[in-house]
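Visitor: Mind looking over this structure? Questions follow.
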Amino acid sequence: GFPTCGETCTLGTCNTPGCTCSWPICTRD
């Protein structure tokens, strides 16, 4: 749930391992 991935997912996917898309940013936990 924390925006610590430094990645956006405007296309709906996250490339960072362990991160999920919470549009429009990737989050972890």
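Yeah, the Cβs are placed from backbone N, Cα and C, and that goes for glycine too.
Pulled the feature table from Swiss-Prot, pasting it below:
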DISULFID  C5-C19  disulfide bond
DISULFID  C9-C21  disulfide bond
DISULFID  C14-C26  disulfide bond
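Could you place these features in context, so I can see how deep they sit and what lies close by?
Guide: DSSP gives C5 (disulfide bond) a coil state; it is part of no helix or strand. Long-range Cβ proximity for C5 (disulfide bond), meaning a same-chain Cβ under 8 A and a gap of 6 or more residues, is found for C14, T16, C19, I25, C26, T27, R28.
Listed in sequence order, the residues of the same chain lying 6 or more apart from C21 (disulfide bond) and placing their CB within less than 8 Å of its CB are C9, G12, T13, C14, T27.
Secondary structure at C26 (disulfide bond), taken from DSSP and collapsed to helix, strand or coil, is strand.
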